[in-house]
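For reference, the structure discussed in these notes is given below.
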Amino acid sequence: MDIGVVDLSRLQFALTALYHFLFVPLTLGMSFMLVIMEAIYVMTGRAIWREITRFWGKIFGINFVLGVATGLTMEFEFGTNWSYFSHYVGDIFGAPLAIEGLMAFFLEATFVGLMFFGWDRLSRLGHLAVTFMVAVGTNISALWILIANGWMQNPVGSAFNPDTMRMEVTDFGAVLFNPVAQAKFVHTVSAGYVVASLVVLGVSSFYLLRGKWTAVARRSFVVAAAFGLASSLSVVVLGDESGYTLTDNQKMKLAAIEAEWHTEAAPAGITLFGLPDTSTRTTRYAVKVPWVLGLIATRSVDKEVTGMSELVLKAQERIESGVIAYRALDVLKRNPTDRTARTVFEAHRNNLGYALLLKAHIADPGKASPALIASTAWDVVPSVPVMFWTFRIMAGIGFLMIALFATAFLLASLRLHMTARWFQRFALWAIPLPWIAIELGWVTAELGRQPWAIDGVLPTFLANSTLTPAMLWTTIIGFTALYGTLAVIEVRLILATIAHGPVEDPLETAPQPTDTPALARAA
Amino acid sequence: MHLFDYETLRLIWWALLGILLIGFALTDGFDLGVAALLPFVARTDGERRMTINTIAPTWEGNQVWFILGGGAIFAAWPYVYAISFSGFYLAMFLVLAALILRPVGFKYRSKRPGRAWRAGWDWALFVGGFVPALVFGVAVGNVLQGAPFRIDSDMRASYEGGLLGLFTPFTLLCGLLSVAMLVLHGSAWLAMKVERGAVQDRARVYGTGAAIASIVLFALGGLFVARGGMGFELTSAVDPSGPSNPLRSTSVASGGAWLGNYAAHPWMLVAPVLGFVGAALALVGIRGKSEPAAFAGSTLSAAGIIATVGLSMFPFILPSSIDAHSSLTVWNASSSESTLFLMVIVTVVLLPIVLAYTAWAYRVMFGRVSEREIAASHDFY
């Protein structure tokens, strides 16, 4: 076990995933916005809506390819970087990934080609159906990947099999209908819709500020305002905090986010601000609002939100039980038919993962002393200051988005969105904010999962492949350079497309003097 | 408990693994071949755009066979997923880096008019076609040779040897065969899909060379396997329905064992015969200007060559060259019975739907691509 390799593998995975998720949310949201825009075109038959759909479709396309390119890496990085993870949970974790390919990737990838190349070969309704399939495909893909991710946070429907030394599925229905996965799915795709809405709203505002392409811009503004308001409400109201009371690890995540060092009487108050101090295990200068946390987290006034110290005590008990399972497993490895050992193992196997936490400190967890077990129990606490702050920034931006889209919706309803220059400037400069929020959302969810790769089952520091730091540095540096270059190219192309506006690009085709869109004259 | 027993499920998933790899080679294979040929068969910008647009509307769906291959191996053969991709770590990242160049290359090339810009993306697309084709072949060669890994009692795998160790004369030969096979497939596609003229003529020239190279390299590969003493044999009793635990079976390197299956089951000879006959048919089709025959030939040849590898090795999937208790076989490397069963059902339901709408997408885009058509439409790259 090499700490350097584990940390580098985590760095590589974090970079790939965070980079991948710069492009995915825009794809998730914009695909549905294209459906809305094209549906208006099909229903009204007005050419301007075709123009609108094609223009945003162009930006969608530039962004889409990088989502695909980076997703390719993700599909294989479990195998390349997390070999032991792949062996240990592949029986459960692989299935959603394979189904994602069959059910979602084929759909989006096959139809995205027709979406771009089929304008002249398909009927209006046929093309709309194709665009819809792309949107459905991208969103189903998010569903399956979040079922996989949700299982890492709340590993239901599975048990350790000593004959194969891995987790195996016992109940697929439970994996599929995992409440953590469902909450994450709604939360994540809604966040993607917010990103896409703000891109459309912000760019439309830019055009309105400049007085250019206003026919496209004011219509796009309205679509984005409505879609964005619904989505931003959905992100916050259906935020995935509701899943945070389910398991010990999810409870720990919540306690860390709130810097709740000890359980307090129900309903718990929420800490708005403060300075969590990990050495004294207290939060200094805490500003608390009574009741709110209990209401959000437990949806009740009488249930407690468990504090970190109490959760650590529980972890200590689970480590003690896990050590018994670990010793029994040692016997079973040598003699698979030993029935006593099997009975003991089965009684304690749900805590086997907790014994593996000891491997960070001692080679054989079976020989751990009570003092070591007590100190190791504190390993289950993630980094409290990081959790505390990433969550607050994310949630703050979430509320800001509701305000922003509510204002946009109001302005559009009052037909003031063409003239409210203060808001147009604000919407333009706010474009990066939801990206910051979603990236921090992943940081909260996945750092909050630590020290586990799979909650309560497999610690991250055991999940890696047998690689060398040199190999990891080679690919991290190479891919950072490659991804960095591509990101710069993509941003430039998108900016050029925006600057160029919704007129068909003469560079892409031979000049066609007759092809002057009505829009160009209108603007 | 189920419709199929564990042994049958493992056999089904072994066959599906082959079908997925063949599906990838037959669909995305010609995209790789066309990309590798791009700078050579097409010289002017108009020719290059025409070449790119023969695959532009459909390549993305084809690539999903590769992604699905990864996901399906993860779901059905988790040991294979865990050990092969981490063991071939640097090679895998090389392939991924090359493949990443394709989506951006296709999309971004046409966004700016500059000659240097477009030439740069043309070479990026070449890399995106040639490098994966080569590395996939080299990887298959390494699988045939056996890979230097061992599994400990916790089932953690470790490896000996780095990136350069993957390149031996035999594995390079496999790499070149893979390139020849996919370039043949790509040129057959191109000849069928571009208007008659300079690009088609050049595609036929490269196709001719690739067909001959496929036949020669496939024969040489067979000779290597027969004379080079390649192969492994199970030496312990095997329970085809036993738990997936490689440590409970034993295997040894055994010269010539990879040919043993053909003696035991002569019907398996269909695969190598298809490999040769398909390439010969492609050659005849290309020379006789019958493009559909050429494409049918390259299709059969690629399917035959890939099936040959799988059938030769059965029941091995990934043999270990350094440890008798680590080789992965059909009987010791699969998922649990429940997972295999579920995934069979999912595949049986979804794959026909996928094939149906894929066929529809090809029908919508049916017909030869011409330079004039591209110049007249907004939609092409």
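Think of each number as a place in line: the chain as shown, counted from 1.
Note that Cβ sites are derived from N, Cα and C of the backbone, with glycine treated the same way.
These figures come from a predicted structure and were not determined experimentally.
Listed in TrEMBL:
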- B:12-42: transmembrane segment (TRANSMEM)
- B:63-80: transmembrane segment (TRANSMEM)
- B:86-102: transmembrane segment (TRANSMEM)
- B:123-144: transmembrane segment (TRANSMEM)
- B:164-184: transmembrane segment (TRANSMEM)
- B:205-226: transmembrane segment (TRANSMEM)
- B:267-286: transmembrane segment (TRANSMEM)
- B:293-318: transmembrane segment (TRANSMEM)
- B:338-362: transmembrane segment (TRANSMEM)
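Within the same chain, the transmembrane segment (B:293-318) stays apart from the transmembrane segment (B:86-102): fewer than three Cβ pairs sit under 8 Å, each pair at least 6 residues apart. Two recorded stretches are said to be in contact when at least 3 C-beta pairs lie under 8 angstroms, sequence spacing 6 or more; the transmembrane segment (B:164-184) and the transmembrane segment (B:12-42) meet this definition. Ranked by number of Cβ pairs under 8 Å to the transmembrane segment (B:12-42), the listed stretches B:123-144, B:205-226, B:267-286, B:338-362 are led by B:123-144. Under 8 Å from some Cβ of the transmembrane segment (B:86-102) lie the Cβ atoms of residues 31, 35, 59, 63, 66, 124-125, 127-132, 135-136, 138-139, 142, 147, 149, 157, 159, 162-163, 166, all in the same chain and six or more residues away from its ends.
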